[in-house]
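Beneath this line is the structure, given in structure tokens, with notes to follow.
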Amino acid sequence: MAAVVENVVKLLGEQYYKDAMEQCHNYNARLCAERSVRLPFLDSQTGVAQSNCYIWMEKRHRGPGLASGQLYSYPARRWRKKRRAHPPEDPRLSFPSIKPDTDQTLKKEGLISQDGSSLEALLRTDPLEKRGAPDPRVDDDSLGEFPVSNSRARKRIIEPDDFLDDLDDEDYEEDTPKRRGKGKSKSKGVSSARKKLDASILEDRDKPYACDICGKRYKNRPGLSYHYAHSHLAEEEGEDKEDSRPPTPVSQRSEEQKSKKGPDGLALPNNYCDFCLGDSKINKKTGQPEELVSCSDCGRSGHPSCLQFTPVMMAAVKTYRWQCIECKCCNLCGTSENDDQLLFCDDCDRGYHMYCLTPSMSEPPEGSWSCHLCLDLLKEKASIYQNQNSS
């Protein structure tokens, strides 16, 4: 060992070696001081809760070795019990005093023995006070080391089980555990029923639109319209082909929903514009006759000029089931969720989720945008190319 130290001293220098040893000593001293201050603590490496101890000694405690092979010896520290503080003078932690009239009645009934053990008789007759009565022998140090977080833990700490050792085990087991078990089972049943009720209320609040046929719920009306069109409409058409008899009505609301749809499955269009309140004969904004464009899901109508449609868009909306802005859903996934992520084509007014596109988009592009269908159909005449040429 000495040879190794001499080699290090020769290689690095004596002053460098002394500085390194001093820094190592300072680091160990700080580490030991920090450990002694933060005890008790939970060791993250071993998972053991370290408790305070007296294995840390100082230089002034060091003495010569007493046995052979000992370099140093340290004095043994005498163990001392922690001094307890006086119990708090809280009237709630004391036993209730027996009034004279109560004492007389208990003596008449023979509940109090002649030796004067009134406390035992009181605990025998009233098991409720047996639960709430405090235990004056509870160690105050244990209360300080384990802070009480709720009333149940506080009751568990001050429970007078030590005073009930002289009582019969049968009486003690009949009173407390069975009543507690019943209370727990009843509270569990009530809490589970309340949780189910709260969950159903939240579901009804989050998804107010329900299907009258199958009971499936949706967050908005476009989703319910899409469900009607793609689920029950196809079933109705298949039933009409197989059987000419009219189906039995499920409810009055379902009949109204079916009556609002035309023979082709589209919603019956309104005969007026939702923006200018004109009809196909006159546009109240321009004063000219103009054809109405109707939503295939809700039947709302509007003039193309009121909708700010371009001539290309006016021709494109006649080739597919056009949807208004409130009923618009993604043309790829077919859902209307995350409507803030919908991107509309400037040539056909179809909607697409930005994350459904290939490649996906994180932000909407600047200027005009054309979908893949319009790019294949219009090619160089698409709005996206017109915007690039104008810029």
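Using the three backbone atoms N, Cα and C, a Cβ is placed for every residue, glycine included.
What Swiss-Prot records for Ala2 is N-acetylalanine, and it gives similarity to another entry as the kind of evidence.
The SUMO2 cross-link annotation in Swiss-Prot covers Lys10 (among others). The Cβ of Lys10 (SUMO2 cross-link) lies under 8 Å from the Cβ of no residue that is in the same chain and 6 or more residues away along the sequence.
The feature region 'Disordered' is assigned by Swiss-Prot to 79-147 (among others).
Feature annotation from Swiss-Prot assigns SUMO2 cross-link to Lys99 (among others); the stated evidence is similarity to another entry.
Per Swiss-Prot, compositional bias 'Basic and acidic residues' is recorded for 100-110 (among others).
Taken from Swiss-Prot, the feature SUMO2 cross-link covers Lys107 (among others), and the record attributes it to similarity to another entry.
The SUMO2 cross-link feature in Swiss-Prot is assigned to Lys108 (among others).
According to Swiss-Prot, the compositional bias 'Basic and acidic residues' annotation covers 126-140 (among others).
The annotation phosphoserine is assigned in Swiss-Prot to Ser142 (among others).
Look at Swiss-Prot and you will find 165-199 (among others) tagged as region 'Disordered'.
Among the features that Swiss-Prot reports, compositional bias 'Acidic residues' is placed at 165-174.
Look at Swiss-Prot and you will find Tyr172 tagged as phosphotyrosine.
As annotated by Swiss-Prot, phosphothreonine applies to Thr176.
Residues or ranges marked as SUMO2 cross-link in Swiss-Prot: Lys178 (among others).
Under the heading SUMO2 cross-link, Swiss-Prot lists Lys196 (among others).
For Ser200 (among others), the entry in Swiss-Prot reads phosphoserine, with the evidence type similarity to another entry.
Within the set of recorded positions (Ser280, Lys281), the lowest number of other Cβ atoms found within 10 Å of a Cβ is recorded at Lys281.
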